[in-house]
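Structure record follows, encoded as structure tokens.
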């Protein structure tokens, strides 16, 4: 894939446009401030009152110097309507507050393709649909911008009736300094399917289960829980940092020969062909929409499984022991 940088992108197309950022959470905060600091006209769309109280996100956006409007008013004002709300709440807010404000020539922008990919949001045909997706959390994104650099990102175009959708999306990434690191062009489907697969099988689901099971095996074999936590959870960051810095090869060069031998001799016996087949099944469930339907149904029912899972993990010994171990690293 070609990687695009500053010299490949012209962001002047944004100079006469207003970007309405919907939501002022971690990504809304980071992206809106980066755009604003690059001279782009940005307004924030938020809910002013939540549960009878002032919405902290509304107040913070005002304190940060933004014009903050109700979501429908911001959508009306924006040439680019950039939806950075949680996936599960986007469809209802879009249908009731954003869709009535759309007209030909506007662009709908996302940082994750879930609702477009699975048709939870179906935009009008005369509206551009684009995606700008940073490959970093909001805090790191903003930190990199302030340091004069940026984070890598993805760009995708789903609809382009105006003929300038790609240019607008790329211009947004340049204004946020992502092109200083590098931009990859993809499709909504590629970003969505790979993101969900990675979260479920490797980064979140796979990693958590690997750590939890490793911890349990040691504890059940009679080893001290504190030592089990160090070996199976705490030291994970040390290894991941090495991979992040120089790849798997570099990590293997840095660890001891004993550790490397064990990695090659035993690792494939734990994560073997049968696990790979399970991963393939999970990918199919993502691609055919089965997982999306399951998650939407879970949300409609009040997230009972999610709540129960959170409670169960909170009570697990790995969490109670971990809380004590982390105190050892807290500065007094």
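Note that Cβ sites are derived from N, Cα and C of the backbone, with glycine treated the same way.
Predicted, not measured: the structure shown is a model, and the values here were computed from it.
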46, 67, 147: which one does Swiss-Prot list with 24, 25, 26, 27, 55, 57, 87, 88, 89, 90, 138 for the NAD(+) site? 46
I need the least crowded one of these binding-site residues (57, 90, 256), counting other C-beta atoms within 10 angstroms of each C-beta. 256
Looking at the binding-site residues 24, 26, 88, 90, 256, which has the shortest Cα distance to residue 235 (Mg(2+) 2 binding site)? 256
Should residue 235 (Mg(2+) 2 binding site) be counted as helix, strand, or coil on the basis of DSSP? coil
Any idea of the Cα spread of the NAD(+) site, 24, 25, 26, 27, 46, 55, 57, 87, 88, 89, 90, 138, as a max distance in Å? 20
